[in-house]
Each structure stands twice: as structure tokens, then as C-alpha cells.
Amino acid sequence: MNSKTPTLGIVCSEGTISLSLEEGFEFVGVPLSGEGLKLRVEALAPSERLQEFLDDEVAYHPEENVHKVVGLSSAWLELDSEDTLIADRSEEVLLKEASYASYCGLSSIILNGPTSPMNVMRYARAVSSALNSTMNLKFLVQLAIESGHEDYFETWKMWDTIRSACGYHPRLKVALELPPACSPPIELVNRWYAEPIEMITMSCMAFVPNPNGYPVLGRKLRAIYALYLRLNPRILLWDNDAPEKIGDSPDYSIYMKHLFDSQPPAPLVEDLADSYKDYLQVPLQPLSYNLENITYEIFERDPVKYAQYEQAIFSALMDRDESSVTRIAVVGAGRGPLVDCALRAAISSSRTVDMIALEKNPNAFSMLLMRNRQDWAGKVTLVFGDMRTWNPDYKIDILVSELLGSMGDNELSPECLDGVQHVLDEETGICIPSSYISYVTPIMSPKLWSEARNMNDPNAFERQYVVLMNSFDFLAADDEFRFQSLWSFHHPNKDSEVYTKNLHNKRFASVRFQASSPGILHGFAGYFEATLYKDISLSIMPATMEAKSPDMFSWFPIYMPIKKPMYVPENSQLEFHMWRLTDGMRVWFEWCANAYLVLRNGSQIKLSSTEVHNISGKAFSCNMY
């Protein structure tokens, strides 16, 4: 787990705020109004307006712990009532309570969710009105993780309607309730994981006494709770009489924190890059910009990647004649980590090597000069310049590079290696890596889509982003077809065609995915697999990364958004088209998607389509020079 421990709170009255905090809870949920308000509202004539709160109707007053208080909207409100008067009165009260919560300085207010799908749009409009009536207040819609009906996704569908009607408002969040007897399918658990869960709410009755009388969660609830802890939500307990039945109030706090501490460690990439979760970054353009020292430093922290490279070079050396001298060139050497790998591999393989390092970044080249003097005893031949214009009077046996982007080719590795392969020995020369494949899968991520929208840039949805994805869910069925390959590149390129304007590196792919449960398409995630040498590989593709290169963190996936979220019904199909295009001076990617409902007779009905994104590279392209 990451270092953030869960924040635990409990529902209480205004008079017991201090006691609850003293018992170990870090925040409290407090009703904003009392029964008196309900009685007055019920007594109002249809033509009367609700005036300001009366003294006996206010259940909370600002005090020193206001920063530890979450407001609870009145439980009796019926924003989705079929009775227009009741719905209107409920909205009046909500607006009053929201205004009062803002006045008190509260950061958030919890609303009970809609009671059924029938009038959810009425509920959504009222919430939208409340959101727009305040400046900073967060609105947390409390919804059970499952509906309890035949359609497990009913509650999630209601939330999606509310969220969409409110325009993905940044202050609209979920307070997800985990009922005592809930048993949602894993698809639903994962779907909620992608949503903006600000808080987990649980009844104290969800706990059962262990043999020592202390409150614990059952196995299923414990597993769900453990998963959602990765989102760092606050935990709110309610049912104030339950502590008398199972232990004391502090026992809940102790147990919940014990659950956190007993979780298995988070993947290394999450531990090292926690601050990068769901943070959109534009991919590097190493051909047109010189990387900074900190960028090299971050790349060099990945022991897995360099261990794989070293093993690949070692294996390649072992396959060569023991008495020969092998000429190895590291192109794009940066600060020299691959040079270190090659020199170590030469020692462990007992092979003699002639080592060359080429780098075009003058700042990094100065580091290579220093390292050659201090670390390599002058054994490395250093070359300054662009690898594509390098013309040595000798041939290279092993050409080593680390030019891969998050989808393999997206940082122009093909263009670079095509441009330098003329230095390879035509008979025995090899490249490390020797090939790489790009993969893609459809994802649902309100968080990532909102991050792109919040850039307030008209081109934001037509760019690719590098991102450590956390708040997302896969839309494709969990089978062998969840991740589809788009295209591959092989080096050296054996095609004897004369390369003109880089046209041989154009690509097009069209792939389909099956959606087994309802969701919202917010874009596509891109990955790669690379073969370094023979069976030695690198992968950031989720289906193979654990087997090929576990705990590698040099690359985050690519996120390709779509301009407008697309609803994807259960058992529908998503079709994805992608182009890799070039004009000889730059390379860019274009993409679009279609959704289909496939009927039993094999025919299909188109549900929706997107436009082609980044047409002609208008929003983003990679410069070749």
C-alpha cells in the first residue's frame, strides 16, 4: 500500500463531535438540520416559499472542529419524487442546506442517492442546481455499491446519469455505501473503482464480533474495502447504537487501520511514482528536444529494464565466436547506463568488445566525457551527433538503443533505427531491441477524461498522454482479446526498398473488443511489448508484464482520449481504428471509435461513432528533425 493511511470518521450529533474525535475518529458526519424543519416544510401551503432556517431547525453550528465535519443533508428529502411539489420542496431544502454548509465553512455535504431509476433525471437536475449555487462545496452522492435487484449495475447507471447531467462537475463525487450483505460481481466492483469515490460509507452493523468480541469485517467486504483503499477515500461509519453491541467506538478505528497495515505492498511502480497517478503528461520528443538531467536520472532508476538489457547483451555476446572482437554501439547513450550494461556483459561473458557510445545531446555528452575518464578508463569511443548521419569507417555488430515510447514506436524509434542501421554488419549485425509490438484496449476513466477537459485547451482531446493510470477500468471482456495488437516493427529492417519520405513506417490497424458489462468509453490505453534478444523481453502490457519484466517502471501507458464519452451497453462491441502517418518531416497518430450492438442473427446496429481525432496531426505530432 502507499503511505497514506485511511481517514476514519463516524456519524454523530452536534453534541458528540468532541467525544467522537477523542475516541480516535478523524472526522465526523453531522446532520445540518433537524426534525423541526421537516415538520415546517410539511405544513407549508403549496404557494408558500421556504424561508430561512429557524433556531430549533438547525442541527449544527460552526465551531472549532469545523474542518473535521462533513455535512449530512436531510435523509427525508425526495429529490426524485413523482410528486412535483415534494420534489420541488426537497430541492428548496437542499439549496438551503448547501448554502448553510458553505456559510459554516464545510468542505463537503453528503446527499442520499435517488430511490429508483424512474425519476433520476429530476434528481440529477436538482443536484446540478445545488452545485451551481455554491462555489467550493463538494456534493457526495451516497449510493450503494449494488442495487439488490436483478440488474447489478442499476445503481451505477443512476450515478452515470447524474454525473452526465451535471456535466462531469469537478465537485460532484461518490460516497459509496458497502451494505453488510453486499456481494457484487467483480465487474461492478471494478466499474465503481473508476469513479470519483471520495468516501466509503459503512454501517457499523456490517461488522461482526470476532472470538474476542472485537468488530471485524467479513471476507467479501474486507476484500472490497482493501481494493478501494488504493483510491485513498475517507471512511465514514454510521449506526450510532452499534458500538454498544460490538466493542467500543475506538475498536473500529483500530481495526480499520489494522486492515490497512496488513495489506500487501503496492506494486513497485505505484510506490515510486505515487505523485504521477492519473497525471497527464505529453510524450517526450527526444529528436527535437534535448532531455534534461532529471529525466535521465528518473529513467536510470529502473533496475529491471537495465537487468533485461544486460542479459540480452550477454546472450548476444555468448552467441558470438569467443575469439572475435565484438563492436557494440549504444546509440542515444544519454548518461551511459546502457554502456555500463554492455561493459558488465562483456566481463561476465568473457568476450572482448570495442565499445562506442553516440549521443546528440551536448549536455548529456559532457557527462559521457566525464564518465569515460572516471568510470570507463577511456575504453569507450565517444561520438557526438545524430545517429542518422553517423558514417563510421567500420561496421557495428550489436546496435543497442533505448528509444522506445509507451506504445513502442510513438517516440520515433523506427525512424531513428532505420536511419542508423546502415552502420550494421550486413551479415551478422543485430539490434537490441530487435522488435516491438503496440497494443491497445478501451478504458473507462472519468478522472483522466476530466483531466484532459480541465486543460481548457481545444486540442486537449486530440493528443496522446503518458499517464500512470489508477482511477480507471477496462471495458473489454476479461479474456485473451482484452488487449489487441495494432502493429509491429523489426530491426534491422530487411526491406530492401529505398526509403523515401518515411512512407514504409506508415501503419493502419482496425481492432474490435467485446464489452461484457455496461460502461462509458473515455478513450483507449496503449502499451507495448519489446523483444530485446531471442526470448529476453520487456513489456508494459498488463497481460504479460508480470511474466516478462515485473516491477519495471520506466514507461507508463499511453492514454488516447475521445472528445465525447460514449455509453457502451452490455454485450456490445467497440471498434477502434488507428493510423500512424508521416509526411517525411514528422509523424503523427489519428484514431476513432465506433460502438455496435450485435444481434443474434449476426447483423449489427451502430450505436455511436466518434470523429477522427488529431486529423493531419493538427493537435500533436512528433518532429523527425
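Cβ from N, Cα, C; glycine included.
Residues annotated as domain 'SAM-dependent MTase PRMT-type' in Swiss-Prot, with sequence analysis given as evidence: 280-588. Per-residue pLDDT, averaged over the domain 'SAM-dependent MTase PRMT-type' (280-588), rounds to 95.
Tyr306 (S-adenosyl-L-methionine binding site) has a Cβ environment of 20 other Cβ atoms inside 10 Å. Annotation source Swiss-Prot lists S-adenosyl-L-methionine binding site at Tyr296, Lys305, Tyr306, Glu359, Asp386, Met387, citing similarity to another entry.
Of all Cβ atoms in the shown protein chains, 18 besides its own fall within 10 Å of the Cβ of Phe299 (site 'Critical for specifying symmetric addition of methyl groups'). The feature site 'Critical for specifying symmetric addition of methyl groups' is assigned by Swiss-Prot to Phe299.
Note: Glu402 (active site, proton donor/acceptor) has non-local neighbours Phe299, Lys305, Tyr309, Gly332, Gly334, Leu338, i.e. same-chain residues 6+ apart with C-beta under 8 A of its own C-beta. What Swiss-Prot lists as active site, proton donor/acceptor is Glu402 (among others).
The feature active site, proton donor/acceptor is assigned by Swiss-Prot to Glu411 (among others), with similarity to another entry given as support. Non-local neighbourhood of Glu411 (active site, proton donor/acceptor): Pro283, Leu284, Gln285, Pro286, Leu403, Leu404, Gly405, Cys622, each in the same chain, at least six residues away, with C-beta under 8 Å from its C-beta.
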Among Tyr296, Lys305, Tyr306, Glu359, Asp386, Met387, the record's S-adenosyl-L-methionine binders - longest CA distance, Å: 24
Entry from the binding-site residues list Glu359, Asp386 having the most other CB atoms no farther than 10 A: Glu359
